[in-house]
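Asks: Dropping the structure in here first, questions after.
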């Protein structure tokens with residue numbers, strides 16, 4: 001989980017946009033001419049990014065363009081200034097001016113991979129098991145992540161990112177599900193918070209690696225290679241005993257439980273277990289008509305859970321990535337911005353864990369979403385000149401969304417029954433990825449109305465907070481095993 005943040009937030013650094021302007025016309029000695037003679041200035045006395053003079057203008061000066069002088073697009077390419085973003089996918093494939101939206105498209109394609117993987121691996125792991133799918137996803141992520149670092153074209157890069165996103169969904173889903181089905185209910189809040197802090201720490205790791213490896217290809221490779229190590233040690237994991245009993249393999253569940261007992265120094269207790277005892281502990285129920293997907297909406301209780309959880313995950317992810325993927329827009333050093341955005345998760349998740357344990361899952365979920373929406377909407381009314389205030393509100397909003405994610409993993413896992421828990425978590429994750437996919441595209445609305453993206457990002461969590469109030473509280477209650485258990489709630 002430590003390395004998930006590195007891939008999810010990678011394009012803040014690999015797709016950073018440096019200052020740039022049109023490459024001037026090929027002249028015998030262009031360096032002898034001042035730049036403002038060749039390139040018109042913008043409103044901030046900087047060279048325009050996407051236009052150049054058709055002919056050098058002797059009467060142009062730094063503060064004003066040549067009156068009525070004809071200009072043209074950058075048909076000979078661009079000149080990029082050296083700096084922290086001198087080697088990115090932007091500079092390599094000229095994703096600027098008419099092609100600038102491809103930057104957001106690339107991130108949406110990655111989120112599209114996570115979207116597809118959320119549905120695909122959710123269903124497959126209910127059929128083939130959590131551990132096997134998790135190991136496969138580690139391997140796939142290592143291979144496709146490293147392959148993306150060698151992409152010769154932008155299209156190949158997008159394909160590699162899509163396949164990486166596909167595997168990322170499997171890692172996230174199966175990690176959460178294994179924890180939910182192995183860890184005692186009273187300890188889930190603590191374990192979920194520890195897992196959340198691993199993701200938070202990963203944001204600091206990303207900043208350090210991006211600072212040390214400014215070339216996007218080396219950074220892409222560095223955050224992908226560790227997954228080969230994760231693949232090797234994942235074979236030490238033990239498959240979910242709950243899942244094995246549910247699918248009719250109590251013999252494998254018994255073997256796994258006895259292994260756990262030996263590791264925990266409880267061998268005698270493990271030897272006392274039997275297959276019959278396991279069958280009585282975990283009730284089996286025949287597959288619902290139409291399969292696991294149909295079961296998500298099979299009765300009123302499941303429909304309430306499925307719709308509420310879907311809206312919560314969509315809104316949290318939508319607003320989270322809307323803020324986290326636009327760090328350059330705050331006008332503050334991007335490394336500092338990423339550090340602050342990561343650091344706020346530490347107190348946010350701690351408060352979230354306390355509220356989850358003391359006041360309940362529903363209060364924590366709704367409260368964090370409402371606070372996040374309020375902070376984002378408040379920024380609509382703050383002038384652009386007050387950068388520190390805007391940054392503070394954005395950081396508070398992002399911390400609240402991190403707390404919402406922390407709660408959502410725990411709350412959702414306790415709402416769905418064991419027989420379709422991974423399918424339900426797959427639905428939740430799918431909706432989160434839809435939110436993550438749409439979020440970068442909403443940023444394009446800035447060209448129409450500057451405050452419109454913030455208005456949309458803020459409204460979604462407010463609506464999700466209302467939806468959370470319709471879900472049942474799960475604190476100190478046993479995990480539901482069957483659809484009837486959910487309906488009785």
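For all residues, glycine too, the Cβ spot is worked out from N, Cα and C.
Keep in mind that TrEMBL annotations are predicted by a computer and have not been checked by a curator.
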Asks: With the ranges 45-64, 65-84, 85-104, 105-124 to choose from, which does TrEMBL describe as transmembrane segment?
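Replies: Here TrEMBL associates transmembrane segment with the stretch 105-124.
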Asks: Of 196-213, 250-267, which range does TrEMBL call transmembrane segment?
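Replies: Feature transmembrane segment in TrEMBL: residues 196-213.
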Asks: Tell me which of 9-30, 163-184 corresponds to the transmembrane segment entry in TrEMBL.
Replies: 163-184
Asks: Determine the mean pLDDT over the domain 'Major facilitator superfamily (MFS) profile' (1-475), rounding to the nearest whole number.
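Replies: It averages 82.
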Asks: Six or more residues out from either end of the transmembrane segment (163-184), which same-chain residues have a Cβ under 8 Å from its Cβ atoms?
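Replies: Same-chain contacts beyond the ends: 1, 4, 7-8, 109-118, 120-122, 125, 130-131, 133-134, 136-138, 140-141, 144-145, 148, 191-192, 195, 224, 237-238, 240-243, 409-410, 413-414, 418, 421-422, 425-426, 429, 433, 479.
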Asks: Is it the case that the transmembrane segment (423-445) and the transmembrane segment (305-323) have 3 or more CB pairs under 8 Å, with pairs at least 6 apart in sequence?
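Replies: Between the transmembrane segment (423-445) and the transmembrane segment (305-323), contact is present.
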Asks: May I ask for the residues of the chain that lie six or more residues beyond the transmembrane segment (335-356) and have a Cβ under 8 Å from a Cβ within it?
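Replies: For the transmembrane segment (335-356), the nonlocal Cβ contacts are 5, 9, 12, 84, 189-190, 192-193, 196-197, 199-200, 203-204, 206-207, 210-211, 323-324, 327, 363-364, 367-368, 391, 395-396, 398-400, 402-404, 406-407, 410-411, 475.
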Asks: If we skip the immediate neighbours and take only residues 6+ beyond the ends of the transmembrane segment (196-213), which ones have a Cβ under 8 Å from one of its Cβ atoms?
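Replies: For the transmembrane segment (196-213), the far contacts come to 1-6, 9-10, 12-13, 219, 222-223, 335, 338-339, 341-343, 345-346, 349, 352, 402, 405-406, 409.
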Asks: Quick test of the contact rule: Cβ under 8 Å, at least six residues beyond the ends. What residues does that give for the transmembrane segment (363-382)?
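Replies: For the transmembrane segment (363-382), the list is 312, 315-316, 319, 323, 348, 352, 355-356, 389-390, 393-394, 396-398, 400-401, 403-404, 407-408, 411, 451, 454-455, 457-462, 464-466, 468-469, 471.
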Asks: Any chance you could find the range in 105-124, 305-323, 388-411 with the most Cβ pairs under 8 Å to the transmembrane segment (451-471)?
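Replies: Between the candidates 105-124, 305-323, 388-411, the best contact partner of the transmembrane segment (451-471) is 305-323.
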